[in-house]
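A short write-up of the structure that comes next.
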Amino acid sequence: MKKSLFAAALLSLALAACGGEKAAEAPAAEASSTEAPAAEAPAAEAPAAEAAAAEAPAAEAPAAEAPAAEAAATEAPAAEAPAAEAAK
């Protein structure tokens, strides 16, 4: 259940980011007016789900890079210490 809530949140963020909220409402309105487009509604949702899945790794990438940047920051003073001793 947590995964579905997380996926729904990502989907809503993706739709809000690309302005697709208005586009997502149009197929829903068509589906309610006739019975045939109801079969098309899941197909229309698939690209949005793929977009959310594509954005998930991009959102995780900065978090993965942050520890590497922190590690470089902590290693820099240690690397400077031998250089300072060599200069003496």
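In case you wondered, yes, glycine gets a Cβ from its N, Cα and C as well.
In Swiss-Prot this protein carries:
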- C18: N-palmitoyl cysteine (LIPID)
- C18: S-diacylglycerol cysteine (LIPID)
- 53-57: repeat '7' (REPEAT)
- 58-62: repeat '8' (REPEAT)
- 68-72: repeat '10' (REPEAT)
- 1-17: signal peptide (SIGNAL)
Determine the mean pLDDT over the repeat '8' (58-62), rounding to the nearest whole number. 50
Local backbone state of the residue listed as 'N-palmitoyl cysteine', from DSSP in three classes: helix
